[in-house]
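Data first, discussion second: the structure below is written as C-alpha cells.
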Amino acid sequence: MDDRVDFKYDGVNDGEQRKGGHGIPKVSMVPLVFLIFYEVSGGPFGIEDSVKAAGPLLAILGFLLFAFIWSVPEALITAEMGTMFPENGGYVVWVSSALGPFWAFQQGWAKWLSGVIDNALYPVLFLDYVKSSVPALGGGLPRTFAVLILTVALTYMNYRGLTIVGWVAVFLGVFSLLPFFVMGLIAIPQIEPSRWFEMDLDNVNWGLYLNTLFWNLNYWDSISTLAGEVENPKRTLPRALSYALVLVVVGYLYPLITCTAALPVVRESWTDGYFSDVAKILGGFWLHSWIQAAAALSNMGNFVTEMSSDSYQLLGMAERGMLPEFFAKRSRHGTPLIGILFSALGVVLLSWMSFQEIIAAENYLYCFGMILEFIAFIKLRITHPSTSRPFRIPLGTVGTVVMIIPPTILIIVVMALASFKVMAVSILAVLVGFALQPGLVYVEKKRWLRFSVREDLPTLPDSSPVAAEEETTPLVV
C-alpha cells in the first residue's frame, strides 16, 4: 500500500461510546489525567538532583523554562496528532503516515525500548525507599526476588484492565501529592526568599541538571498509544493533556519553591529521597513517613501506567501489520496480553542498570524517537494541511517549525552530553532496530509468522478544503 495515498476515517473511536469493540469500558477524563500525570511525572520524587546539580535558582527556573520550551510543545503536538489519529499505536502511526513503515518501526522500537528501560527503574526505586525499614532489601538475592515479585504483581494489574490502572493512578496521585501540599504549608512561615537566589555558575553539573529536567518533563506523547482506549478521544485527550500539564508543573514547583527557601541549602544533600528528610525536619516523623510511603507507592503508579503505554503500543503496531498478529491478541479483560508479557520481560532483564545509567539511556533513545516525531508532524502539516484535525495548534506551518526549534536544540544538547558508554549502547540499540524491521518483512514474506492489518482502523483522511473548516477543540484549562 502506498503510504502517500489519503483515506477517510470510518468513525472508529470518533463517537461518544463508553465501551470499545471488545466490550471493555473506555477511559474517562479523570483517570486519563492521572494516567498522563504518571506517564510524565508521578510527583516531585527524583527532582532533588536538579538542586544538587545547579542550586535552587537554576532548579526552579529550569522546571519553569523547560515546561514552556519542551512540555508545552510536546503536549500540543500530542493533542493535534493524537486526535488526528485516535488509535492505539499513537506516534508510530503518525510516523508511518508521514515517513513510511521503516521509520515508523524505528520510532516504535526506540520508544518502546526507552519506556521499558524507564520502567526498570521503578521497582528499584521502590525498594530504595523501603530498605531503611527492611534492610535485607538493600541487595543480594532478597532484593532480586523482591524486584521479580513486584514486577509480577504490577504486571497482573495491567492484565486486569486499563480502567483499573486508571483509577489506581487517581488514588495514588492524590495520596502522593497531598503530603507535599501539607509540607509546603508548614514551610511557609520559615521561608527566607534570599535562599532562592543562591547560584554558582562555576559549580554546575550540566549533564545531571539537564538529564534530571528532561527526565521529569518528557513522555507527554506516551498517552497517544492509549488513544484507542479513551472515551471520545477527539475531545477528551486535548483537555486531559492541559489539565495534566498544570498538575505536573505545579507539583514540581510548589515543593521546590517552599522547601529550598525554608531550610539552608546544602546542595550535596539534595539527592533522591531528600524530600523525606526535609519533611522530617519541618513536620516530624509522621510527615517523613507519609512522604516515604507516597514515594514508594508513586513508583508503582509510574510502573503500571508506563507498562500500559508500552504494551498498547505493541498492540497498535500489530494492528497496523508492523508486528506479528499475536501481538494484537487481547485477554478476556481487553488488555494486550503478549505486549504486557514482553514489556515485563524487558523490565526484568534491564533492572540491573544503575539509576543514572537508566535515565541517560532512556533519554538518548527517547530523543531519537522525538526527532522522528517532529519531522512527521511538520511533514503532515505540509502535505496534508486540510486534513481533519479535531484539535489544531493555532499556528501555521512556519509557526510550528519555530515552536519546535527550542526543543530540537534541547534534544541535541541532551544527546551530546551523554557519556560514551550510554551513547554507544543507545546507538547499538538503534542499529538493532534497523536490522529488525527488514527481518520482520522477510519473516512475513516467507509466511513464518502471520501479519495482518485491522480492517476497521482509521487511516489518514484525505486533504480537502471542507475538512479544514471543521470545528476544532481548544487546548484550554
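One is the number of the first residue shown, and numbering goes on along the chain from there.
Note: Cβ is positioned from N, Cα and C throughout, glycine not excepted.
Unlike curated records, TrEMBL annotations are generated automatically.
Sequence-distant neighbours of the transmembrane segment (27-47) (same chain, 6+ residues past either end, Cβ-Cβ under 8 Å): 18, 59, 63, 71, 125, 162-163, 165-167, 169-170, 172-173, 176-177, 180, 212, 215-220, 222-223, 226, 229-231, 236-237, 239-241, 243-244, 247-248, 251-252, 255-256, 272-273, 275, 294-295, 298-299, 301-302, 304-306, 308-309. Positions annotated as transmembrane segment by TrEMBL: 27-47 (among others).
Summarising the annotation, TrEMBL assigns transmembrane segment to 53-77 (among others). Outside the transmembrane segment (53-77) by six or more residues, the chain places 40, 47, 195-200, 204-206, 208-209, 212-214, 216-218, 220-221, 241-242, 244-245, 248-249, 252-253, 256-257, 260-261, 265, 267, 370, 373-374, 377, 393, 403-404, 406-407, 410, 475 with a CB less than 8 A from a CB of the stretch.
The feature transmembrane segment is assigned by TrEMBL to 89-106 (among others). Under 8 Å from some Cβ of the transmembrane segment (89-106) lie the Cβ atoms of residues 3, 81-82, 221-228, 313, 315-317, 319-320, 322, 368-369, 372-373, 375-377, 379-380, 383, 430, 433-434, 436-438, 440, 459-460, all in the same chain and six or more residues away from its ends.
The transmembrane segment annotation in TrEMBL covers 141-159 (among others).
As annotated by TrEMBL, transmembrane segment applies to 165-188 (among others).
The transmembrane segment annotation in TrEMBL covers 243-265 (among others).
Positions annotated as transmembrane segment by TrEMBL: 337-355 (among others).
Annotation source TrEMBL lists transmembrane segment at 361-382 (among others).
Annotation source TrEMBL lists transmembrane segment at 394-417 (among others). For the transmembrane segment (394-417), same-chain residues at least 6 beyond its ends with a Cβ under 8 Å from one of its own Cβ atoms are 66, 69-70, 73-74, 76-77, 206-207, 210-211, 214, 363-364, 367-368, 370-371, 374, 377-378, 381-382, 385, 423.
Taken from TrEMBL, the feature transmembrane segment covers 423-443 (among others).
Stretch with the largest number of CB pairs closer than 8 A to the transmembrane segment (141-159), among 165-188, 361-382, 423-443: 165-188.
Of the candidate ranges 165-188, 361-382, 423-443, 165-188 has the most C-beta pairs within less than 8 angstroms of the transmembrane segment (243-265).
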